[in-house]
Amino acid sequence: MSNPQYSIARPAGREHVLDYPPGSIAVRIVQLVLAFLIMVLSAYNIAALPYDGNAYILAVAVMTIVSSIYHLVAHFAAPVIYNYWAILGLDIFFVIMWLCSFALQAARVAYFYDYVRGYRLPDGDKAWLGTQAGAAALGAVEFVLFIVALVIHSIRLHRHRAAGGHCMPGQAPTPPGLAPVAAAAAPYGGEKTGPLPTYQPQYAPQPQQQQQQPVGNPVYQQQFPPQGQQQYSPQGPQQFTPQGQQQFSPQGQQQAYYPFPSPSPAPMYAPQPQQQLPSQLPSDNPPQRLPAQLPDNSPLPPQLPGN
């Protein structure tokens, strides 16, 4: 929603410049002046004894001078180079840089004061320590001023964007709540065509696939003949169960599994000649026939079969 207290009416060429409150430009001027003073003090310290603290704060002061000059020139003299996104990034950058620089400078000054405490120093050494302390104090003020400038700039940037303002010069502000609509391309030759028909794809219903449950193969139990009798059967075709089909037995009844023994080849016996009994062997003497009666007229005993 647009803020009724913020107006985006600008002169031509300044449509992208933010409308700052009256005191915000004074903050930028004070930042420039303090940065120049810190640069002078740090340069004096480095000429006597350079170290990390005064060199760091001197570099930050020089960068602040360049940034402040850019902001003032873009705001008053050359609005074409003004970019509020760049100024927002610079403010965030210098908040971090001034925090680190003045804290480091203050830590080094405190160490030097503790080292010379109780000694009578010449005027030159006292001036050297005083300039370091002054640079650290002004650096802390710069840190606070950049926080104030960042807050003011962020609020004005948000209101400017909410009111439909842009960051580039020459662009008319977009009324809030309206989005730019792209014009439809005219057909070739100026012909008017009606709305194109929309086709909705139709999909034929797929046949339902019936899932067939695999029927378990019957389980065959092998019967073994009693001990002492071996039965051999000719080797026939072996039956295999298809992979994936499992055989299930009713719950509670377990069927014993007996591996199928591989049939051993039948023993081969060579025919042997039949042995004849002595009674059947041929003899040169023909059989003698006994008389029907003994000499004493007594009957003969009955003959056994085979005699």
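Positions of Cβ are set from backbone N, Cα and C atoms, glycine also.
TrEMBL annotations: computationally assigned, not manually curated.
What TrEMBL says about this one:
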| type | residues | note |
| --- | --- | --- |
| COMPBIAS | 195-259 | compositional bias 'Low complexity' |
| COMPBIAS | 260-270 | compositional bias 'Pro residues' |
| COMPBIAS | 271-283 | compositional bias 'Low complexity' |
| COMPBIAS | 298-307 | compositional bias 'Pro residues' |
| DOMAIN | 25-151 | domain 'MARVEL' |
| REGION | 190-307 | region 'Disordered' |
| TRANSMEM | 25-47 | transmembrane segment |
| TRANSMEM | 53-73 | transmembrane segment |
| TRANSMEM | 85-107 | transmembrane segment |
| TRANSMEM | 127-152 | transmembrane segment |
In the domain 'MARVEL' (25-151), how many residues does DSSP assign to helix, to strand and to coil? 114 helix, 0 strand, 13 coil
For the transmembrane segment (25-47), find every same-chain residue at least 6 residues outside the stretch whose CB is under 8 Å from a CB in it, and list them. 54-55, 57-58, 61-62, 64-65, 68-69, 71-72, 75, 128, 131-132, 134-135, 138-139, 141-142, 145-146, 148-149, 152
